[in-house]
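Visitor: In case it helps, Swiss-Prot gives these features for our protein:
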type	residues	note
BINDING	L130, G134, H135, L136	(6S)-5,6,7,8-tetrahydrofolate binding site
SITE	H238	site 'Plays an important role in substrate specificity'
MOD_RES	K239	N6-(pyridoxal phosphate)lysine
Amino acid sequence: MTKQENDIQKRFFNDNLQTVDVAIFDAINGEFKRQQHEIELIASENIVSRAVLEAQGSILTNKYAEGYPRKRFYGGCRFVDVVEDLAIERAKQLFGAAFANVQAHSGSQMNQAVFLALLQPGDTFMGLDLNSGGHLTHGSSVNMSGKWFDVVSYGVRKEDQILDMEEIERLAKEHKPKLIITGGSAYSRLWDWKRFREIADEIGAYLLVDMSHIAGLVAGGVHPSPVPHAHIVTTTTHKSLRGPRGGLILTNDETLARKINSAIFPGLQGGPLMHVIAAKAVAFEEALQPAFKNYSANVVVNAKTLAKTLQSNGFDIVSGGTDNHLLLVDLCSKKVTGKRAELALGRAHITCNKNAIPFDLQAPSVTSGIRLGSPAATTRGLAENEFVQVGHMISEVLDGLQMAKSDEDNNAVEMAVRKKVEDMTNKFPLYSYLPIC
């Protein structure tokens, strides 16, 4: 090897990102600044620990490990076997499940694996309607789940936006689905897992609970667990669970566990992402600590506080409040669309997402509401007092938008709120070991 080749070799292993790819470095640094200086209220987002970041950014990204611990199709897997075993055992302990698969790359893929394990194309299943708070993978017509299967959607009552269990039972008995899916991405009330299981048993269906949004609350003991009731439970590992982006599948049924394992590999995926599985294991260990119970309780308290503050300022909250980490704000009475609200709040450095409300007449790209969540801001350290202030800041921006002749006319209000946001976020720094360049 020549000296030049040796230098290149050394640089490959030792040059940092800023040296190798300044464009990507600048984008990451810009995102770091955004996260530091904005209040994150997207319900599906959270902020992970340094330990999770280190695990996910580790040399485990180099290792291929098709198969399962001690049953791999590649050599050199003795250490990644340790990692996956730890992730599995911690997940089982955290949720009180007999079996766990930690290999799903994402929430969509974990649910696809359940379909692959339990259904044939054309089979019937039931899931919560998207406008009632369901998820794309629960039967939306634009998703694979809605294209490959016969979907019967259920929803909420118009008068109170709560799940209509009588109608759900009627639909189940009429259509006799092979699978019933519960859980959603924008439903703020408790689920009656026991009642759903009774309905499933009566018609001979499987019950799948997708607890992606509330898994952290279940782990923290502030939300009823579906694990004793469901045939299969799926969850993403980020959101309220505060881990890396990925999926997790749980069951207490050994036969179903074997089907799930085969559906994930070789049915749906090849090699698992061992660096992500390591980060999942770290997050599960964090969630097993007493501090996580306090965190989960604070997430719910803060969401309730935000909902009550907005209600006191004249905003309509779907279903009248929340029992978990999220709330839907119905903006119809304010004559402001979800799209305009999201953009205006974004200019004020409050991040949320436009969201359809039950029986929404607006297009999905416009919507009549916004979805707000408390997990990320709670992770930063914001407490009830700060969430009251955040509620008032949201009210200022949206009331100003309602009164303004155009979005530009609301600029002074948005900039004044942005200054308040900056003052607040400066008190709650992220990753102080990292320099903001």
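Cβ atoms are placed via backbone N, Cα and C, with glycine included.
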Visitor: Hey, which of the recorded positions H135, H238, K239 is the loneliest by Cβ count within 10 Å?
Guide: H135
Visitor: Compute the centroid of the Cβ atoms of L130, G134, H135, L136, then list the same-chain residues not in that set whose Cβ lies within 8 Å of it, in sequence order, for the (6S)-5,6,7,8-tetrahydrofolate site.
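Guide: Sorted by sequence, the hits are G127, L128, D129, G133, T137, H138, G139, S140, N143, G184, S185.
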Visitor: With every protein chain in view, what's the tally of Cβ atoms within 10 Å of the Cβ of L136 ((6S)-5,6,7,8-tetrahydrofolate binding site), excluding that atom itself?
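Guide: A 10 Å sphere around the Cβ of L136 ((6S)-5,6,7,8-tetrahydrofolate binding site) contains 17 other Cβ atoms.
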Visitor: Let me know how many other Cβ atoms fall within 10 Å of the Cβ of G134 ((6S)-5,6,7,8-tetrahydrofolate binding site).
Guide: 24
Visitor: Return only the integer: C-alpha distance in Å from the residue listed as 'N6-(pyridoxal phosphate)lysine' to H135 ((6S)-5,6,7,8-tetrahydrofolate binding site).
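Guide: About 14 Å separate the Cα atoms of these two residues.
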Visitor: Non-local Cβ contacts of L130 ((6S)-5,6,7,8-tetrahydrofolate binding site) (under 8 Å, 6 or more apart, same chain)?
Guide: L136, H138, S140, A356
Visitor: Kindly assign L136 ((6S)-5,6,7,8-tetrahydrofolate binding site) to one of the three DSSP-derived states: helix, strand or coil.
Guide: helix
